[in-house]
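Pasting a structure here, questions to come.
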């Protein structure tokens, strides 16, 4: 096929057109037959078309019509001498195809016109075997009478007789035997007619087959004979007749099962009696050592068990698992049978391969009445199996308290252990059997015993989440901090398994929260690793050190960052987690987040002040790690952050240091009297300390007073002449007072002429820091004192961003009213607050601000993106819905020519695409490269969006600047399923790009054979569709109304196809005056306003005319009326559709009229 396509491409244009024409003729022929279009078939034959022509599958028209069930066409073709014996590539004749698809009327018709009926297809099926497999008696009989091979075996080795025996068709079985069919042939499973007849329990058929010499003891591939199947299906009459013909009663299947075992399996006492009376060995055992008694004991077949015992069954016999009937009854809880077997003195101490006794099984499975049977027997109540498990341990493990009590009375030891050194208490705790736990604890079992892994009962209860048992054990003395061999405690186990309520209870009961498992995992680290947020909070509230590192130097923050648990990271940071703590490889939490692609955590850590300038032992910054791991989003985020964002929270803090002098401590603690004493002694030159002396880490006493809100001390210091604008490390006292939200201190400093516009080394003012930390009253005070003067638009934008980040709408109102700031001010990228809110998905704040009519919804950033562009790109559907309610620039293009619909289509935002389309987005808008939204959907292989766009009228043949259609892109990327979807919208395969390449050319160049085959098949089909479209117009032009109406009613073609003049079928019908066709086209809602593209030969006045105008020109008044009425209907629909939304907005009907 590929070679053929390559050759086809190389043909010159003229040759190619001739070939396509021939192909078109074939396609129309075969399509007409497949779609049961009798009139077209009739026309072809009238024009002497070769009816024996075949398609690529070797099918003639007769074969297709037979398979599709089109009787009239089959009849017509045969009447015109169609070859009934021709076979397709699969070897099927028309008769075979009709039989395969249940078209039995056609099959009968064909048989009557055939002389040879023994053809075989590639699967060796004949017409007779096909008819037999469909249980078609009459057809099969006709075929046999015509000489069909009665014993032919198909690909399943089935003959007609075998098929009819399966269906229990007595009439045909009689007929086949009469015709001397071979009764001993077998199918692929080895089944003969006799076996199948026994499966159906058909005595008459069995009798008939045996009389004709059927082999009575033939075995199929499973080793079953007719006799065994007769026993399985409980067909007594068949059994009797088989025995009359000396059937072997002792035959066994491949598993060694004989008729007695099979009858027992099906719980048929009557048949069991019959077989035993006929002499079958009652103690016969199959390959696994099972006999009838064992099976009956397992199934609880009381009557069969008693019958077998009474007739000599050996109750002591054992199967390959060393289990006898009693043990099996105990395993399966068959109490009555167990009791019966014990009473007849069966060896109840017999041991199976695991040394488990019937007694242990009964205890394990909770069969109390069976256990009681052993009370007066000479048994070892503490007997063990190979795992050292006793009856007592088995009962505890499975929660059988009553049996434990019973065993206890019988003298069972409660302290014995299994191979893993588990006690009965441990086993009960593991499964959560509280009543058993309570019983064992009251029996004073060792509550703190350990198994081979040094796990206690409490640990097992924690591991399996049994809180009630955990509480009970602790209340009764369980050691809460016991460790296993790896250092795990009950607390760390419960954290690891995620049972946070248990973890909380253990901590409340004094569990050690500071323990390290193997020097690596602390309770806090475990909680962070497994995202146990509630446990993290409790641990921190209980006083765990948030910065404890393991042997590798890793802290809880590093683990939470690595796994991307943003809420835990945030909580740890709020509780003093060291952002820049480094492990033994000098790696920080930020580096771990970058390495693992945790974008949200990276953003959080940077916003909280993580140091971006630290290096690990390999000399890599966090940025370098993100780059190496190819997390480009994180890489860009870090770059942008470093470039444009200052980190207020990384400001220096004033914290007490060991080298602080008394004067600094007095200021910190608010001890005004002591401070005054120092000042007075200083004045008397008796004091060595200088009030103006800074701490060794560079802070003045006024900074300390402002930071810790020591109002009285600050007042005193200012009275002593301290400089209110003194800077330490670039910070003023006003900055610290504003940062910490100390309103009274801020007012005091402002009263003493503090410079409100003073900024630190990062250009951060007091107003910025107060807004950042959400101190509303401080911001209000600063604005009242003129803090808003001389701020540029970028600073204004930053203030609004801070307020929005804090979700403080009240703060935004304050900035607007008192600060007189412009809420639509822009940052360095030209983004307004609304752009940023859209990008961050801060819907609630945006909605509040829009309702207050603050935001300009159509502002553009430096890339000419409106907020709608961003909402569409990021799939912010709430934002899109909200903006669509307002006067929004739906089709505005950014610098690249992208509309919001382009971005939504490119990014795969399905719901956003749907919203935009439904609200009037221009579906075929083009970028500067002439790309439509459909191009982007096809480039990204988004079939859902492509279908949405196409269903709403997107141009499937739109070309980019380089001449690429959507189909070009789908083929280029080998998107096979997308290509298949596009075919349903009938793209033009002849479109070439600027390099002269069609989609087929691109497929050939990519050497994708499958895609080449797909495109070629569609190409031929597409040409066939074009022929169909032309055919409709041709029939109208030739005044063949009936044929044209049939084509329209078929719903198989587009009715608005334009011919070479740019005329549609409606244009031609209106021009020719065919009222019936015009009426049919209107019913199919064709476009009545389409204008002709060209005039006809020497009739240029027909160019640009609507159908109504063409009808008027030729005085077809009835058609003019039809088209005018349709026009009025459309106008009425338009008015109704327009009025509905207007009424909803409250505009009156009078307003509409005006």
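From the backbone N, Cα and C atoms, a Cβ is placed for every residue, glycine too.
Below are the features listed in TrEMBL for this protein:
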- 90-122: repeat 'ANK' (REPEAT)
- 189-221: repeat 'ANK' (REPEAT)
- 321-353: repeat 'ANK' (REPEAT)
- 387-419: repeat 'ANK' (REPEAT)
- 420-452: repeat 'ANK' (REPEAT)
- 519-551: repeat 'ANK' (REPEAT)
- 585-617: repeat 'ANK' (REPEAT)
- 697-729: repeat 'ANK' (REPEAT)
- 762-794: repeat 'ANK' (REPEAT)
- 863-895: repeat 'ANK' (REPEAT)
- 962-994: repeat 'ANK' (REPEAT)
- 1061-1093: repeat 'ANK' (REPEAT)
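I'm curious about the neighbourhood of these features; can you describe it?
Here the repeat 'ANK' (90-122) has Cβ contacts under 8 Å with residues 62-63, 65-69, 71, 74-75, 78, 84, 128, 130-131, 134, 136, 138-139, 142-143, 146-149, 152 of the same chain, all six or more residues outside its ends.
Remote same-chain residues near the repeat 'ANK' (189-221) are listed as 161-162, 165-166, 168, 170, 173-174, 177, 183, 227, 229-230, 232-235, 237-238, 241-242, 245-248, 251, 253 (criterion: CB distance under 8 Å, separation of at least six residues from the stretch ends).
Cβ atoms under 8 Å from those of the repeat 'ANK' (387-419) belong to residues 354, 359-360, 362-366, 368, 371-372, 375, 381, 425, 427-428, 430-431, 433, 435-436, 439-440, 443, 445-446, 451 of the same chain, restricted to positions at least 6 beyond its ends.
Long-range contacts of the repeat 'ANK' (420-452) within the same chain: residues 392-393, 396-401, 404-405, 408, 414, 458, 460-461, 463-466, 468-469, 472-473, 476-479, 482, 484, each at least 6 residues beyond the stretch ends and with a Cβ under 8 Å from a Cβ of the stretch.
For the repeat 'ANK' (519-551), the residues of the chain that approach it from at least six positions outside its boundaries are 491-492, 495-496, 498, 500, 503-504, 507, 513, 557, 559-560, 563, 565, 567-568, 571-572, 575-578, 581, 583, judged by C-beta separation under 8 angstroms.
Nonlocal intrachain contacts for the repeat 'ANK' (585-617), taken as residues 6+ away from its ends with a CB within less than 8 angstroms of a stretch CB, comprise 553, 555, 557-566, 569-570, 573, 577, 579, 623, 625-626, 629, 631, 633-634, 637-638, 641-642, 645, 647, 649-650.
Beyond its flanks by at least six residues, the repeat 'ANK' (697-729) meets 652, 654, 657, 659, 663-664, 666-670, 672, 675-676, 679, 691, 736-737, 740, 742, 744-745, 748-749, 752-755, 758, 761 of its own chain at Cβ-Cβ distances under 8 Å.
Along the repeat 'ANK' (863-895), the predicted structure has mean pLDDT 91.
Remote same-chain partners of the repeat 'ANK' (962-994), defined as residues 6 or more beyond its termini with a Cβ less than 8 Å from a stretch Cβ, comprise 929, 932, 934-935, 937-939, 941, 943, 946-947, 950, 956, 1000-1003, 1006, 1008, 1010-1011, 1014-1015, 1018-1019, 1022, 1025, 1054.
In the repeat 'ANK' (1061-1093), the DSSP tally of helix, strand and coil residues is 17 helix, 0 strand, 16 coil.
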What are the helix, strand and coil residue counts for the repeat 'ANK' (90-122) according to DSSP?
15 helix, 1 strand, 17 coil
